[in-house]
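These features come from TrEMBL:
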ACT_SITE  431  active site, proton acceptor
BINDING   138, 177  FAD binding site
DOMAIN    17-132  domain 'Acyl-coenzyme A oxidase N-terminal'
DOMAIN    284-445  domain 'Acyl-CoA oxidase C-alpha1'
DOMAIN    488-662  domain 'Acyl-CoA oxidase C-terminal'
Ligand SMILES: CC(C)(COP(=O)(O)OP(=O)(O)OC[C@H]1O[C@@H](n2cnc3c(N)ncnc32)[C@H](O)[C@@H]1OP(=O)(O)O)[C@@H](O)C(=O)NCCC(=O)NCCSC(=O)/C=C/CCCCCCCCCCCCC(=O)O
Ligand SMILES: Cc1cc2nc3c(=O)[nH]c(=O)nc-3n(C[C@H](O)[C@H](O)[C@H](O)COP(=O)(O)OP(=O)(O)OC[C@H]3O[C@@H](n4cnc5c(N)ncnc54)[C@H](O)[C@@H]3O)c2cc1C
């Protein structure tokens, strides 16, 4: 049967080389080839079917996810896949499960915080999956406040043991993924007590389950340990494939050498030693690593929602305002649809490029940390925390907007958007609540501003070196065209961030107790942090454009996206730009007018830009976002694929509808 491409006319409008753009999006020809291979391996393997997922009850859903993870492991071994290939394979399976935590947090925690001897012992076991681990930090009463963790690890010098204990209900470990049902091991965070003295929170390598011996059929916990799942979560098929768990210890003994010993150690004699020159913050290092990974991945999540909404918008017709009868307008041709959709399309590209940069920054920091150079850790912490917060919040809001952009059909599970929203929304909370993370960024920015004159601002805060210029020189834009210049845009974002930071720093200085000031001004401080992070994203996009980008029309198409991203933010946050006095109202309105011009330049490329994401229909799992655009027959068919349509007479019909029709309710 001949395949009809319902989006062919749209594809023919493209003004750039889509294949070349696919390389830019993927990062390199090699990455494109790798991702394409893994995405298609998953798409073509029946084991990874996922359309029925939302219909399954929790136990079936969970078993199904275990089956998929086992198939994935088998493929990794049978095909001899590299760690990088295996990572992408798991990514395209598109189902949160215990391997995310095992590979994403448990192993990095041992790598970052274990001594050489500990790494040698535990990493091979972990990498071969002879043990499965999770990351048990959060407690029922303490998520953001890590210093408040209550679980204790008391050293018993006589037996050379630590005694791990949950002294209160609120000290129950609560939420760790993979903990509830699957993991055999955990990195557990607890307060260290040696000779009655507290030494803050540290990490322990711990086993809590008999299933350490994988061939045991019994999976009951070790004596003194209570473990379980925290319960059903939002969005049926979404994050419920993960066994987020609870864990309590009742005086559980573990050998002394199971304390992760890179940051500090306890000797056989019970002497606590902080390792020379290694900052305590390193025990938070795993969070820096995962926040970076989240930023690297989140652009794909947003691109997926945007791809669905763009394709559907380019197919579905609505009435024009002059004729209520003849459906003529494509949804994508409404200015109002464009003004909601195109900034999201631009954001997906912007987040991809900032994610690449963050990966570079993190790789550099990791190498330095291995060589005991901790100088760039604060910058890495602020950048990973801030960008994780900014990009996940924008992505989750973006998915919701894409759902609305598809009208009623966006609300159908078969659109792929409700599940995508449900699986993504906890990213605003896990790995640090987004507001709490922005407050960390604000601390970093305010500290940098306060130290001007005696400490040189570096990296992402180096704009603060030019504080005088940024505070006193106002915007030079005179025409709309002036707004589409990279350096001018970056300067506008620098000036806004610098001015907001200085104002907040001055207000803070009026408080006698800095912590009280920080608390009272926290809403303003979050805005300072947002301005700083948006500057990073905009400037990394502009830097990307300065690179050599091959392919007909590719650079031009990216320029339009970059300016759409930046000018959309100028418009959305024009209050900041105006209040700080950097822009005049005239300049702000020129930015908005230019934005509309950019939307019309983006319009012919819209479908090609989402095709360049190279998403398979399997990964999208959306009837309205199909590549071929053949939406309506498939939408109709999807309705009948729902088991609810197996029969015309639902359970309960005879019992509860007939009495109403027959007016025999009294018999009920
Ligand atoms: C920082 C807090 C908010 C509180 O801090 P506070 O009490 O004020 O201060 P202190 O703790 O004393 O610290 C202050 C100083 O330390 C600096 N700091 C803080 N954090 C860090 C850090 N991370 N790194 C470096 N430095 C740091 C800070 O700047 C201060 O410095 P200074 O004194 O000013 O100089 C803190 O407590 C906090 O972080 N709270 C948030 C808690 C949190 O984030 N918890 C996370 C728990 S784990 C979790 O949620 C896991 C979720 C699982 C999600 C799964 C996602 C998976 C997707 C990705 C993985 C996929 C990989 C797949 C791989 C594969 O398949 O192969
Ligand atoms: C799906 C999912 C998976 C998770 N996986 C893991 C895991 O694998 N391992 C693990 O250890 N944990 C995990 N967590 C826990 C997660 O890290 C915490 O939920 C998160 O750190 C937030 O903590 P909390 O839930 O205690 O929220 P709270 O800290 O109670 O925050 C609640 C509200 O208070 C505000 N708030 C809190 N503190 C401040 C402050 N200082 N200033 C201003 N406002 C503040 C927040 O902004 C938020 O609005 C997971 C959570 C979820 C939802």
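Every residue, even glycine, has its Cβ placed from backbone N, Cα and C.
Overlay of TrEMBL annotations on the structure.
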residue: 138; record: FAD binding site; DSSP (3 states): coil
residue: 177; record: FAD binding site; DSSP (3 states): coil
residue: 431; record: active site, proton acceptor; DSSP (3 states): coil
Integer Å distance between the CA atoms belonging to residue 177 (FAD binding site) and residue 431 (active site, proton acceptor): 12
Neighbour tally for residue 138 (FAD binding site), based on other Cβ positions within 10 Å of its Cβ: 19
Which same-chain residues, if any, lie at least 6 apart from residue 177 (FAD binding site) yet have Cβ under 8 Å of it: 96, 98, 100, 101, 134, 135, 242, 243, 244, 245
Around the Cβ of the residue listed as 'active site, proton acceptor', the count of other Cβ atoms that are within 10 Å: 24
